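A.B. asks: Pulled from TrEMBL, these are the listed features:
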- SER55, ARG79, HIS80, ARG81, ASN157, ALA158, ARG159, HIS163: FAD binding site (BINDING)
- GLN76, LEU77, THR78, ARG79, SER89, GLN90, ARG91, ARG141, ARG168: dUMP binding site (BINDING)
- ARG168: active site, involved in ionization of N3 of dUMP, leading to its activation (ACT_SITE)
Amino acid sequence: MEVKLLACTGLAEGTPPVPGCTEADSVIIYAVSQCYQAKPQPGMIRNCFERGHHSVFEHVHFSFAVHGISRACLAQLTRHRLASYTVESQRYCDYTKKPAGFVWPDTIEGGTAKKYRALLEQAMTCYHELRAAGVPPEDARFVLPQATAVNLVFTMNARELFHCFDLRLDRHAQWEIRRLFARVLQLVRERAPLTFAAYADRKEEL
Ligand SMILES: Cc1cc2nc3c(=O)[nH]c(=O)nc-3n(C[C@H](O)[C@H](O)[C@H](O)COP(=O)(O)OP(=O)(O)OC[C@H]3O[C@@H](n4cnc5c(N)ncnc54)[C@H](O)[C@@H]3O)c2cc1C
């Protein structure tokens, strides 16, 4: 799996960042300062987070390019509705031209690895046979397993990310989506350190 930050909300030309803050944190601070006709201050972020004034965190969006997660992981990710998704299409991508990749869980090893590999190969052989017989990609894909790797771009605002981190970084969440959101957290902390430090510190207190 590879996760890259593709885009992040920043300031328009001519709007300086709040001193000592990144552009993404500054957008949130400027929004908060409107509420109180107050001078923009870095401490406003933590204050809002602690008081539950979380709508201000909707002003900053992050777009991620994700490569090589399984369709099983995709199904979990796209349950989060306050987001936008653009996903590699199995209707239009023809895996006889560019072979499909597969995600391999660590728990499948030894004797089970042999069976798993055989099944993936069988699925691909069947896909090729269907395509050769004139079945379109949108129907041939029915034989592809949940392990099939997919690429996508998704966008979420900081508030929805807090919610996803709550659910998907929990130890009960599935390993692949945990890995995805662990990487997402690393990326957003670089761009909005005050926002996500306020979130992380609060989580540790609870
Ligand atoms: C450990 C775990 C196990 C799971 N197991 C299953 C399972 O077995 N089967 C299954 O089907 N799903 C399962 N899920 C998925 C889960 O039910 C949710 O669909 C998914 O986590 C998205 O969360 P959400 O609905 O809170 O969030 P989002 O869609 O991200 O929405 C964010 C928040 O917005 C609000 N919101 C969004 N839409 C509405 C709405 N229509 N009405 C009211 N409020 C709304 C809610 O407050 C919601 O929490 C599981 C999730 C986890 C984390």
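The backbone N, Cα and C atoms fix where each Cβ goes, and this holds for glycine too.
Could you place these features in context, so I can see how deep they sit and what lies close by?
C.D. replies: The Cβ neighbour count for ASN157 (FAD binding site), using a 10 Å radius and every protein chain shown, is 17.
For ARG168 (dUMP binding site), the count of additional Cβ atoms within 10 Å of its Cβ stands at 23 [all protein chains shown].
Following the DSSP three-state reduction, the secondary structure of ARG168 (dUMP binding site) is helix.
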A.B. asks: Anything from the binding-site residues THR78, SER89, ASN157, ALA158, ARG159 with its Cβ under 6 A from ligand 1? List those in sequence order.
C.D. replies: none
A.B. asks: Which ones in the same chain are close to SER55 (FAD binding site), with CB under 8 Å and 6+ residues apart in sequence?
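C.D. replies: When sequence neighbours closer than 6 are ignored, SER55 (FAD binding site) has ARG159 within Cβ distance under 8 Å.
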A.B. asks: Give the distance between the Cα atoms of ASN157 (FAD binding site) and GLN76 (dUMP binding site), rounded to the nearest whole Å.
C.D. replies: 18
A.B. asks: For the binding-site residues HIS80, ARG91, HIS163, work out the Cβ neighbour count at 10 Å and name the residue with the minimum.
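C.D. replies: With the binding-site residues HIS80, ARG91, HIS163, fewest surrounding Cβ atoms within 10 Å: ARG91.
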A.B. asks: Can you count the other CB atoms that lie within 10 A of the CB of ARG159 (FAD binding site)?
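C.D. replies: A 10 Å sphere around the Cβ of ARG159 (FAD binding site) contains 17 other Cβ atoms.
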